[in-house]
Structures are given as C-alpha cells and as structure tokens.
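Undergrad: Before we start, here is the structure in question, set down as structure tokens.
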Number of protein chains: 2
Amino acid sequence: SVNPDLASERQTASFSVEKLTALLDGGVEQTRIRRAVVEAIESDPVFSRENQYFQTQNERYEAAVRKAVHLQKKMHEMGWTENGPEYKYIYRALSGDVAFLLHRVFMRSISVLGSDKQIAKWIPLATQHKLIGSYAQTELGHGTYLQGLETTAVFDAATQEFILNTPKISAMKWWPGDMGRSATHTVVFAQLYVHGKCYGIHPFIVQIRSLQDHSLCPGVTAGDIGPKMNFEHIDNGYLLLKNVRIPRENMLSKFCEVRPDGTYVRQGSQKINYFTMTTVRISLISDEVLTPLMKACTIAIRYSVVRRQSKLKPGEQEAKILDYQTQQEKLLPQLAAAYAFHFINDYLQELFNRGYREIQKKKFDMLPELHALSSGFKAVITQHSTAGVEICLRACGGHGYSLLSGLPSLYTKILASCIYEGENTILLLQTARFLIKCFMAVSAGQPVPPSVTYLAAVKPMKCPAKNKLDFLSPDIYTEAYQHVAVRLISSTAAKLQDLIQSGIKKHDAWNQCTVQLVQAAKAHCHYIAVKNFAETVEKLETKAGIQKIMKHLCDLFALHGIFSNTGAFLHDGYTSAAQMDMVTASYLDLLAVIRKDAVPLVDAFDFTDKSLNSALGSYDGQVYQRLYEWAQKSPTNQMSPAYERYLKPLLHNTLSKL
Amino acid sequence: SVNPDLASERQTASFSVEKLTALLDGGVEQTRIRRAVVEAIESDPVFSRENQYFQTQNERYEAAVRKAVHLQKKMHEMGWTENGPEYKYIYRALSGDVAFLLHRVFMRSISVLGSDKQIAKWIPLATQHKLIGSYAQTELGHGTYLQGLETTAVFDAATQEFILNTPKISAMKWWPGDMGRSATHTVVFAQLYVHGKCYGIHPFIVQIRSLQDHSLCPGVTAGDIGPKMNFEHIDNGYLLLKNVRIPRENMLSKFCEVRPDGTYVRQGSQKINYFTMTTVRISLISDEVLTPLMKACTIAIRYSVVRRQSKLKPGEQEAKILDYQTQQEKLLPQLAAAYAFHFINDYLQELFNRGYREIQKKKFDMLPELHALSSGFKAVITQHSTAGVEICLRACGGHGYSLLSGLPSLYTKILASCIYEGENTILLLQTARFLIKCFMAVSAGQPVPPSVTYLAAVKPMKCPAKNKLDFLSPDIYTEAYQHVAVRLISSTAAKLQDLIQSGIKKHDAWNQCTVQLVQAAKAHCHYIAVKNFAETVEKLETKAGIQKIMKHLCDLFALHGIFSNTGAFLHDGYTSAAQMDMVTASYLDLLAVIRKDAVPLVDAFDFTDKSLNSALGSYDGQVYQRLYEWAQKSPTNQMSPAYERYLKPLLHNTLSKL
C-alpha cells in the first residue's frame with residue numbers, strides 16, 4: 001500500500017508522467033525496450049544488489065565478477081547483442097555493478113590503435129573471453145600529464161622484442177580497473193626507446209597473468225590498490241614491470257610502428273584518436289552522472305513528502321518537509337538541473353554524431369569545438385551533479401546518512417566522475433584556451449565555430465526586464481547569461497594581454513589568469529545549457545502539460561543560476577539591484593509552483609525500487625518500515641565477540657537488576 | 001628521509017612554527033601536555049588505527065569497545081583524571097575512534113536533569129562502569145521537533161511505575177550511539193501521561209539489557225541500525241518498548257516530578273538545561289570539525305608540494321601542483337578558514353565561560369545571544385569545514401579518492417556534523433529569528449546584546465577603498481561584511497513586515513522568507529568571524545613573524561569570502577565593480593604570498609603521522625612508497641574465490657601463452 005502522503009502528490013500531477021518518461025527515453029518504443037531489459041535483469045537473482053550495503057570490498061568484487069560472467073549467458077539467452085537496441089540499457093539496469101568494464105576499454109583501444117592484423121588476432125580472443133583485458137595508462141606519479149609517464153619500452157633488435165620496465169616507484173601503473181585481480185592482459189602505455197632515442201608514449205599489449213593458473217608472469221608484480229571511497233566492486237590495480245619482454249608485434253601499430261631493423265615509422269592521422277577521448281567524456285555523462293543525480297532527486301523528493309517534521313501552522317498536523325521553502329530551495333534546483341543536463345546531453349550526443357559523420361568524410365573542422373564542449377560540459381555537469389547529490393543527501397537529515405538510504409553510495413560514486421577522464425579544473429582550462437582563442441579570432445574579424453559566434457554579437461548593455469514576470473522570459477535570462485559569458489571571457493583575455501604586454505612570460509601570465517579562466521569556461525557552459533534548455537522547451541508539444549512544466553523547470557534552472565551567482569550579473573551593471581530583487585522574487589515563486597509537481601517529475605525518471613536500492617525512495621513511500629526491516633538484516637546485528645571479550649569483564653558485577 | 005620537495009618548503013618559513021603551535025594550543029605548557037598524551041596513546045598498540053581502512057563495521061565496533069575498555073586502564077596507569085589537564089587531549093589523540101561516548105552523555109543528562117538522590121545512585125554506578133549508558137531521544141520519525149516525539153510513559157499509580165511504549169513504528173528510538181549492541185541502560189525521552197493527561201516530553205532511565213548475560217530485558221527490542229557513511233565504530237541503535245515498566249523513581253526529576261498520588265509538580269528553572277544544549281554545539285566544534293579540517297589541509301597541502309604534474313614553464317621540470325594558481329585557490333582559503341574558525345572557537349569558548357559564570361549567579365540575560373551564536377556558528381563552521389574537506393579531497397585527484405589518503409574518512413565523518421546536534425538550516429533559522437528580533441528592537445531604540453549592536457550603527461554607504469592595497473585593511477573589509485549583514489537582515493525584516501501587512505499570516509510569511517533569513521544569519525556569522533580574526537591578529541605579538549602571517553591569512557579569509565560572494569557586496573552599490581576588481585587582484589596576489597608558507601602553516605597544527613593516518617600527508621612526504629606498501633596489505637590482495645568459481649571456467653582455454 002502506498003503511503004497516503006505520497007499517493008496524494010500523484011493525484012494532482014499537472015502533466016502525463018508516462019508521456020514525460022517517453023520524452024526522456026526518446027520515444028515510447030525506447031521506453032518499452034528499456035523496461036524489458038530492466039525487468040529481465042531485476043528478475044534474475046544473480047544481479048541482485050540487495051546485500052550491497054552490507055558487503056566487504058572482497059565480497060563486492062566477487063559479486064561483480066559473478067555478474068559479469070553471468071551477463072554473457074543472460075545476453076545469449078535474451079538474444080541481446082552489442083549492436084542491438086537493448087545494449088545501452090544493460091549497464092544502467094545493473095547500476096554499473098559489474099566487472100570487466102576495462103575489458104571493453106582494452107578492446108576499444110585495440111580497435112582504435114591497432115593494425116588490422118592486430119585487430120584480427122586480439123579482438124576475437126577478447127570477445128570470446130579467452131583472455132581478460134585491462135588498460136594501464138595512469139601511473140602512481142602521473143595522471144593528467146601523459147607525456148610525463150615513466151614506464152619504458154626499449155626495443156631489442158636482436159630478439160625482435162620490447163623490454164618493458166618500471167624504472168622507479170612513481171612509474172608503477174596505478175588505478176587500472178580489472179587489473180588488480182582479474183586481468184590476464186593489459187595495454188601498457190610506455191615511453192618507446194629505439195637505439196637509445198626516445199619516441200614518446202606508445203601502447204603495448206602485455207600479458208600479466210598466466211592463462212593456465214592465473215599466476216603472475218615472470219617480471220610482473222601486480223595487485224589491488226586497496227580500499228577506495230566507492231567502486232569496491234572494481235579491482236583497481238597496480239603493476240610493476242621488470243624486464244618484461246614482449247614480441248615486436250605487440251606494439252599497437254595503426255599510427256606508429258617499429259620495423260624489424262628499428263626504423264620508427266609514423267603513419268596515418270591521429271586526429272580520430274583525439275576524437276575518441278572526447279566521446280568518452282560525453283558518453284559517461286548519461287550513466288555515471290545523470291542517472292545518479294536523478295536517483296538522488298527521486299529518493300530525496302519522495303522522502304520529503306513522507307517525512308513530516310515541525311508545524312508550519314500552529315495547531316495543524318506536522319508539515320511535509322517539502323512544504324518548507326528552505327527544503328524546496330535545496331531540492332528543486334537539483335531536479336531542474338537534472339532535466340537541464342538531460343537535454344544538454346541530447347544536444348552533445350547529436351553534435352558528436354554529426355562530428356563523427358564529418359570525420360568519416362575526413363573533415364576535421366569540428367574537432368576543436370567538440371573538444372572544448374566535451375571538456376567543459378564534462379567538468380560542469382559532473383561538478384554540479386556531485387554537489388546536487390550531496391545536497392539531496394544532506395536534505396534527508398540523519399536518514400540520508402544511513403547507507404540504506406542509497407544516497408551515500410550515489411554520492412561517493414559520482415564524486416569520482418569529477419576526477420576521472422580528465423580532472424575538472426584541467427578540462428575547464430582546456431575549454432578556456434579554446435574560448436580565448438576564439439575571442440581573439442572574433443576580435444580580428446575571423447570566423448569561429450557556431451557555439452562561440454555569440455562572442456561577436458553586439459548586445460544591449462542593460463537587462464531590459466521591468467518586473468519579476470519578465471524574468472520568466474527565456475530571452476531575458478538567456479541574454480543575461482550570454483552577457484556574463486562574454487564579459488568574463490573578454491575581461492580575462494584583456495588581463496592576459498595586459499600581463500604579457502607588461503613583460504610577463506606567456507606561461508606565467510596564463511597561470512596568473514587561471515582562476516578567472518575557469519570562471520569564464522563555466523559561464524560559457526552555463527550559458528549554453530540555459531539556451532539549449534529554453535530552445536528544447538520551445539520545440540516540445542504543447543499537449544499533455546509537458547511543455548508547461550518543462551518551461552517552469554527551465555525558468556528555475558536559469559533563475560537559480562542567477563540567484564546563486566548574483567555578482568556575475570550585477571558586476572558591470574547589466575542587471576540592476578532592483579532587477580536582482582525581481583529575480584529573487586520570481587525564483588522563490590517558482591519553487592512553490594514546481595513543488596506541486598515534484599513527485600510526478602521524479603516519477604517520470606521511472607526508476608524501479610530495485611534500481612534505487614533505497615529505504616527512503618521506494619515508490620510506495622513506506623520509509624520507516626523499510627529502514628527497520630532492512631537494518632535487522634545487517635551483519636552488525638549478529639553476535640559480536642566484543643561482549644565476551646570486553647563488555648562482560650568490564651561489567652563484572654554482582655547486580656542482577658538495579 | 002624527507003622528500004626534498006617537502007624539505008625545501010620548510011627551509012623558507014617566514015615564522016617560527018613552534019611558536020605558532022604554542023599559540024594554537026594556548027601556551028607552551030599546553031603543547032607539552034598535549035604531546036605527552038599523544039605520545040602515550042600512540043605508543044600503545046591497542047589504540048592503533050593502522051588497519052582501520054581495511055576493517056568491516058563489525059571489526060571497527062569491536063576495536064572501539066576494546067579501546068574504550070583499555071582507556072580506563074590507561075588513564076589509571078598514566079594518572080589522568082576527568083578533571084586533569086590531559087583529559088581534553090585524549091579524545092583528539094584517539095581521533096574519536098572509541099566507544100562509550102554516549103555513556104558520557106548518559107551521565108551528563110543524569111547530572112543535569114536528575115535529582116540529588118538520582119545523581120547519588122546512578123553516577124557512581126556509571127563511573128565504575130557497572131552499567132553502560134546511552135541516550136535515547138531521536139526517533140525514526142522525529143529528530144528536530146522534540147515535541148513531536150511519540151514514545152509514551154504512562155503513570156500507573158497502583159504499582160508506582162511508568163509503563164513505556166512505542167505506539168507505532170515512527171516512535172521507535174533510532175540513532176542513539178552505544179545502544180545497538182553495548183548499552184545496558186538508556187535515558188528515554190517520552191510523552192508523560194498521568195491520569196490520561198499528557199504533560200509533554202520527559203526523561204526516564206530504562207534498563208534495556210540484562211547485567212547478567214546482556215540479553216534484552218522483557219518488552220525490549222533493540223539492535224543496530226546498520227551501515228552508515230562513517231561512524232562504523234559506533235553501534236547506533238534502535239529501541240522498541242512494549243509495556244516496559246520502570247519504577248516511579250526512574251523519571252529524572254530535577255525539574256519535574258510525579259508524586260505517588262499522580263500529582264505532577266514542576267520545579268526550578270529549566271534555563272540551565274537550555275544552556276547545556278548550546279554548550280554541546282560549541283564543544284563539538286574543536287574535535288569534530290576543526291581537527292578534521294586541519295588534518296585535511298595538512299594532507300592536501302603536503303601532497304601538493306610533493307606531487308609534480310605538467311610543466312609551468314616549457315623545458316623545466318614538472319611543477320609542484322601547489323604552484324598552480326587554481327590549486328592555491330582550492331587549498332589556501334581552506335587553510336585560512338581553519339585558522340579563522342580556530343580563533344572564533346576561542347572567542348565562543350570565552351563567551352560561554354562568561355555566560356556560565358553569569359548563570360551561576362542566576363543571571364540569564366546572555367542566554368538568547370549565546371543560543372543565537374552557538375546555533376549560527378555550529379551551522380556555518382560545520383558547513384564551511386565540510387565543504388573545505390571535500391575540496392581538499394578533490395584537490396588530491398585520484399589519490400585523494402583512495403581511503404589510504406585519509407581524506408574520504410575525514411569527509412564522511414565531518415559531513416555528519418552538519419546534521420547532528422541540530423540540523424544546520426534549522427539552526428540558522430533560529431539565529432535569524434534572534435537577529436530579526438534584535439533588528440526590531442534596535443529600530444525601536446531598545447538595547448540589544450553586544451554582538452548585534454552593529455545593527456544600530458550608521459555607516460558610510462560606499463566602500464572607501466581606492467586601490468587594491470586598501471583591501472588589505474581590516475577596517476575596509478570588516479565594514480564591508482558588516483554592511484552586507486545589516487542589509488540582509490534589514491531587507492528580510494522589511495519583506496517579512498510587508499508580507500504580514502499585506503494580510504499573509506505570520507507563519508506563512510516567515511516560511512516565505514526563510515531562504516533569505518538563512519542568508520542573513522550566515523552573513524551575520526561571517527561578519528563576526530572576520531571581525532574576530534582581525535581583532536585577534538591585532539593583539540598578537542609582532543615578534544617571530546607570527547602576526548604578519550596571521551594578518552595574511554585573515555586578509556585571505558576575508559577577501560575569499562567577498563570573491564566567492566561578490567553579489568552580496570555589489571548589490572546596493574556599497575562596493576563598485578572597480579572595487580570588486582581590486583578585491584580580486586588583492587585576493588589572487590595573497591594566494592601567491594601565502595603559498596610560500598603553506599607547509600609551515602600546516603606543520604604548526606602539529607599532527608603526527610599516526611593521527612593523520614594518511615599515505616599522502618605524512619611528515620616525510622614519501623607518498624608513493626607509502627601508498628604502495630600500504631596497498632599490499634589490503635585484504636583485497638588475499639586470494640579470492642572469484643578465480644576458481646568464475647574466472648577459471650570463463651577462460652577455460654587451451655592457450656598457454658598467446
């Protein structure tokens with residue numbers, strides 16, 4: 001039975017939840033396929049996550065391997081293939097709780113970096129799981145700066161082999177998933193030396209464990225890097241190589257090759273490789289960032305209409321905590337952001353598909369823009385969403401702090417997305433470098449990519465809003481965001497120029513501007529996200545109330561951004577203090593409007609109870625019952641030796657009852 | 001041997017680290033006592049935290065009980081007493097990793113709420129550990145709103161007993177520490193009923209487990225609430241009571257008593273009780289908030305001078321990451337905040353000592369101000385420090401994400417401080433209520449407590465700064481903070497008045513202002529923190545370079561607050577855009593100045609390697625070696641059944657070596 005406090009929230013929905021779900025999925029047929037996958041996965045006990053919060057790191061790893069192996073069988077059984085429409089829903093249905101993800105990266109790197117001959121040899125072996133692959137790039141001492149990697153691969157012409165070494169401790173490979181305990185092979189990135197000359201970083205396939213008995217190969221030291229904040233199911237590993245010899249053919253040689261006599265040959269274009277890196281950043285947004293944010297919103301919002309605390313009006317029943325303005329102000333902007341990021345993700349995916357088609361025609365013009373957008377949005381979305389999940393957790397008070405709420409694990413996992421696949425600050429500075437370049441080009445009258453043409457547009461220097469309702473006009477707020485982005489980019493470009501002209505060296509000048517460059521890059525992404533949300537809303541069908549509620553969310557997303565960052569808009573007087581008060585008024589009004597549809601808006605994300613795995617977030621809202629029943633199963637309710645060992649001797653008393 | 005990249009940082013300190021440590025401790029003698037306690041605790045293997053990151057929740061609990069029991073012995077051995085000067089350093093030296101903390105709360109509540117007779121009976125039993133106590137206030141359905149607690153205690157005149165019941169699931173006690181597995185007794189808060197009439201919440205001593213065999217007493221259901229984000233060492237518990245009878249004498253009766261015939265008598269003043277609640281909030285700041293923040297700063301800053309990544313200048317060695325402006329901008333403001341909060345904590349402690357002396361003279365005038373300050377600063381300091389620890393964690397990239405860095409456990413633990421002892425938003429609203437009241441009083445020409453007299457002061461409406469150096473003047477920035485606090489308090493008071501005058505009911509009007517009330521309360525606390533830091537710096541001796549470096553930190557704390565919140569200062573034109581650019585310039589300049597002393601500034605916190613328990617933060621900076629050695633000891637490097645069970649059948653191949 002559904003908790004009546006939750007049920008009542010659903011009766012007053014201003015729109016069709018089912019239609020919004022289909023919109024998010026990209027059509028009714030996609031919703032059907034997704035649900036079928038979820039149903040197949042969740043009805044299979046091997047994939048259960050029920051005990052997850054009670055398990056040790058070792059148990060989590062074992063379960064993840066078990067699931068990965070079982071998944072092969074399941075896919076065969078269900079007729080799912082890697083190219084089929086179901087495939088993209090499997091990982092989401094498993095909540096990512098499965099091993100061998102790096103095995104897929106191993107395969108992709110061979111496909112992208114390997115010669116046809118290498119692909120023909122290794123891909124079938126990997127597909128049939130006759131080996132388990134990993135991808136060993138990051139070292140203890142090097143993450144971001146690939147050129148600084150210290151592992152060496154020295155060509156020995158006499159034996160036609162490469163000799164791989166970890167020359168010092170900071171050169172040890174560190175972090176690669178699936179490598180700590182599972183992998184038999186890995187792609188090692190190492191500095192290539194031929195006849196004493198260094199040719200820089202290249203990829204090599206290296207066997208690290210025996211296929212007979214899984215023992216480490218001669219010269220190989222490898223293991224697990226130990227406990228982490230999350231990802232207990234993954235055996236992130238370390239790898240130390242001592243004179244490990246591999247055949248010449250194991251250097252991945254689509255772009256570079258060492259001939260038998262030691263001649264180094266570079267061939268083809270590496271631009272497609274550069275493109276691969278950017279697509280990875282975009283592809284992680286959906287499963288690794290949006291899904292956790294949407295889950296956190298679902299849990300926190302459902303809980304906030306079931307939890308009653310204190311009285312809003314004297315003499316009445318205690319109030320649902322979502323009726324407090326401060327609670328709305330915590331949760332509803334996160335909900336709006338989840339929708340905003342969903343739509344910007346669609347935009348990025350489309351852009352990348354277009355980029356991919358261009359590249360296949362050997363046209364590489366879109367690459368710099370794609371790189372800048374993927375870097376910037378990876379950083380902005382992961383950062384914003386991580387903060388959002390944390391806000392959801394805190395907004396649930398003590399119960400949010402229990403692992404059984406599901407929120408701590410969502411938080412500790414999404415946090416990693418700020419660090420992996422490019423640390424966020426570094427990525428924002430890459431976006432900033434592109435923006436400064438484009439700003440210079442625009443100033444010189446040169447053409448620039450579409451997403452930055454706004455840098456050239458001449459705009460009114462004052463916000464034209466006259467009352468608080470004007471701030472519900474997308475033109476008004478989109479232009480305000482655009483103005484701020486232009487101002488931050490142009491002022492930082494000016495500071496950079498001034499420093500250089502004052503005699504400071506370019507790299508020093510750059511470093512002295514980086515705090516502001518990061519702000520400029522964020523403002524650019526924020527502007528594009530707002531503009532895209534507004535444009536998406538405009539295109540929605542006006543039926544079924546969906547456009548209306550999406551418009552509210554778009555307004556909230558935009559106004560929350562202004563309200564949280566008023567200085568950027570006030571700075572040069574583009575927005576006046578009086579206008580800022582209008583923003584605040586409209587923003588606070590919107591909270592009360594969206595609050596009415598809050599539950600239907602999270603219901604539309606269509607998470608099952610099993611996928612939420614949360615005592616606070618279930619569809620029926622029976623929070624307290626679930627917490628109690630679940631807690632009773634905790635291993636902490638087994639007999640502890642602490643009583644016999646420590647408590648009994650301590651109490652050691654003769655009193656029977658005080 | 002100390003990593004040379006770390007050693008070089010210490011050679012150029014602009015001040016005496018030892019003198020700064022003594023300043024933080026409150027004198028050379030305090031430093032000596034603290035170090036002696038730390039030495040005694042850390043040299044005792046029972047108190048080791050070495051395996052902490054590898055342990056399960058059950059193992060952590062057992063270790064904490066073992067330590068708690070051993071601590072009794074240790075204290076006796078060392079001659080430490082609860083009233084001795086060493087006592088306050090013990091908990092810090094143990095990093096809080098010990099059981100029976102609620103046993104102390106049990107004792108305190110009896111001391112404060114019990115009659116002399118009750119104190120005489122229970123305190124000796126508790127002191128000698130003839131029982132283990134807990135404190136059962138929070139319920140599944142009620143935390144913040146004490147009046148809403150649902151547990152009942154019905155007086156039965158026939159048997160002279162109270163009958164305790166958990167009438168529904170939301171009334172179950174939930175969260176009390178030491179109660180899940182250890183406690184034999186607890187103080188239960190329940191609604192008192194006598195002859196059918198409810199008298200509200202009262203405290204009762206209830207035995208929950210047998211002193212013979214530790215089995216649950218009749219009518220009692222209790223257990224552990226399961227996994228949490230941290231506090232694995234504490235057995236937070238649940239408690240369900242079914243017709244549990246306790247003698248009439250077990251109601252704590254200093255303030256209220258039920259006579260044998262059922263007459264309810266209220267006696268004495270409860271004001272002291274109200275004061276107790278506020279002191280708890282202040283007392284947690286030092287150990288639970290400042291220490292973790294200081295540890296996080298120590299770890300992240302030491303790591304940032306050892307970690308080299310990318311090149312700042314082409315052709316040179318890779319740069320220490322602390323040399324990047326963006327890294328300085330992440331870490332140094334947290335360092336400044338740690339010092340700012342240390343000094344405001346001193347200020348609050350002093351104020352509370354004064355308050356305590358006044359109360360002993362039956363003067364209660366200071367109570368509202370003390371309550372407002374303790375609530376506001378508890379919220380502001382926990383929130384700011386939690387965010388600071390998270391920034392430190394992220395600033396260490398992947399290695400920060402490893403539990404072995406120590407940062408994840410610092411973060412997950414400090415996060416709880418935002419929730420317990422009063423949820424932060426609720427607390428800020430209490431401060432805001434006080435501020436609004438004082439503002440009204442000031443407007444009516446009435447006197448107000450010292451910390452809010454500034455609400456009456458007439459100040460210039462424009463910031464007088466003329467160049468960036470002016471923003472290094474404490475008068476300039478303190479007045480700016482004051483101006484913002486006055487503006488936010490007065491404008492919110494005006495909004496509240498307007499709403500009420502427009503016919504909206506008082507409670508609705510209040511709710512519609514809460515987002516802004518929270519901002520106003522924060523601005524008030526921020527202003528006081530800045531002012532106090534500036535005043536503290538002024539009083540420091542000018543020798544040994546300490547005043548100079550503290551002045552820099554004070555400036556950084558103040559300017560970082562303005563830089564991060566420019567809108568508040570720009571809003572009404574108090575600060576102009578040109579002045580804000582000066583703030584930015586001065587702020588960025590300061591980062592480079594303080595960066596030079598960053599390592600000595602964290603060294604002054606004087607944490608031992610054992611207390612940091614971090615592979616990244618040790619005094620010698622041998623980061624990579626320590627990560628590698630420690631990881632090898634992880635249970636994840638034991639043989640896993642996953643190979644035989646899943647990997648071997650999967651690989652099932654005939655290839656010996658590819």
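Just so you know, glycine gets a Cβ as well, placed from its N, Cα and C.
Predicted automatically and left uncurated, TrEMBL annotations should be read as such.
Grabbed the feature section from TrEMBL, which reads as follows:
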{"type": "ACT_SITE", "residues": "A:GLU421", "note": "active site, proton acceptor"}
{"type": "BINDING", "residues": "A:THR138, A:GLY177", "note": "FAD binding site"}
{"type": "DOMAIN", "residues": "A:16-132", "note": "domain 'Acyl-coenzyme A oxidase N-terminal'"}
{"type": "DOMAIN", "residues": "A:274-436", "note": "domain 'Acyl-CoA oxidase C-alpha1'"}
{"type": "DOMAIN", "residues": "A:474-651", "note": "domain 'Acyl-CoA oxidase C-terminal'"}
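Walk me through the surroundings of each of these features.
TA: In sequence order, A:VAL280, A:ARG281, A:LEU284, A:LYS378 are the residues near A:GLU421 (active site, proton acceptor), counting only same-chain partners six or more apart with C-beta under 8 A.
Residues within less than 8 Å, Cβ to Cβ, of A:GLY177 (FAD binding site) and separated from it by at least 6 positions along the same chain comprise A:LEU101, A:LEU102, A:SER134, A:TYR135, A:PHE231, A:ILE234, A:ASP235, A:ASN236, A:GLY237.
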Undergrad: Tell me, what is the mean pLDDT of the domain 'Acyl-coenzyme A oxidase N-terminal' (A:16-132)?
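TA: Taking every residue in the domain 'Acyl-coenzyme A oxidase N-terminal' (A:16-132) and averaging pLDDT yields 96.
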Undergrad: Tell me the residue counts in helix, strand and coil for the domain 'Acyl-coenzyme A oxidase N-terminal' (A:16-132), as DSSP assigns them.
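TA: Each residue of the domain 'Acyl-coenzyme A oxidase N-terminal' (A:16-132) counted once, the result is 84 helix, 0 strand, 33 coil.
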Undergrad: Among all the protein chains here, how many other CB atoms are within 10 A of the CB of A:THR138 (FAD binding site)?
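TA: By my count, 20.
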Undergrad: With CB distance below 8 Å as the criterion, list the recorded positions among A:THR138, A:GLY177, A:GLU421 that sit near chain B.
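TA: Answer, by Cβ distance to chain B: A:THR138.
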